[in-house]
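Before any comments, here is the structure.
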């Protein structure tokens, strides 16, 4: 029988010779990893690459900028490419240089998974039972196929700009309808209870009502993310596990699958319609529409923000940089806290804020 080839060996000279070509190498206990394709998705990775481009190995030995969780260390194994030669252990650090790595190395040394990645996952996860919750919170960097049907699979994927293109015209149109309707002066609050003490709603109130809708959406976003997307389905329920994976579990299993970071317009329209229906029952028609359009705008901002937190490269020290680091912590280490995406505000009163000390460097 033919012997299985062992891991490729890399000499210190080879690493030094290639380290200025633009890639990112990480080594730990002689094991060498190529993070070239991932580093720009990591908070601060883009800035570190720019700062260290062209430096030699000795200038890149200050290690990672913060501590990493067990999930982050498992994630690292997907990028394993070989071993440093014996005697070069002192080079174990982060290398900001280049190294060409054949794609067949990816995933080859990962432990045996609980599902068959060559088949649609949606109909498999329900059988994981009590193993599902741990499995779904161990992220991987690979695309997910949900359905056997190519048509259903197509509908389950959405480019980020589709959300913007579909819903922004709706927001603009309904904003104009709301404002012009309020301008007629016929809208009064509490008119269904009393005409004597009802309050007229002036057209100049529209921006404040719109803002109220955005705030209401941010609260709804938090509640859905925490209590629906992060419910722990019963281990005995195949269908609830399957539903959880469809709604949000898939995103935690493969957080950098770019086609599944925003909500497809077709199913989103069902939730948006429900949101409008509830407001229509509680408020006068024009007032309900004004709150609704603010909430819809908040949803569009939320989806765009979510995509950016995964694929953007905000400048270190900015609000978005901190929010990106916060969201990455949610995915890799604190799945039961840090539910805010477009804002961390609601994590404060609901006491689900990720502790600040987890962002500090290790001594």
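Cβ coordinates come from backbone N, Cα and C, glycine included.
Sequence annotations record features per position, and here TrEMBL assigns domain 'Cytochrome b5 heme-binding' to 7-85. Residues or ranges marked as heme binding site in TrEMBL: 42, 68. As annotated by TrEMBL, transmembrane segment applies to 159-179, 204-224, 261-283, 289-309. Marked as Zn(2+) 1 binding site by TrEMBL: 225, 230, 248, 251, 252, 306, 310, 327, 331. Look at TrEMBL and you will find 330 tagged as Zn(2+) 2 binding site.
Remote same-chain residues near the transmembrane segment (261-283) are listed as 155-160, 162-163, 166-167, 220, 251, 289, 291-292, 295-296, 299, 303-304, 306-307, 310-311 (criterion: CB distance under 8 Å, separation of at least six residues from the stretch ends). Fewest other C-beta atoms within 10 Å: among the binding-site residues 330, 331, that description fits 331. Mean pLDDT, taken over the domain 'Cytochrome b5 heme-binding' (7-85), works out to 57 on the 0 to 100 scale. Here the CA atom of residue 252 (Zn(2+) 1 binding site) lies 10 Å from the CA atom of the residue listed as 'Zn(2+) 2 binding site'. Around residue 310 (Zn(2+) 1 binding site), a 10 Å sphere centred on its CB holds 18 further CB atoms from the protein chains shown.
Counting every protein chain shown, the Cβ of residue 252 (Zn(2+) 1 binding site) has 19 other Cβ atoms within 10 Å.
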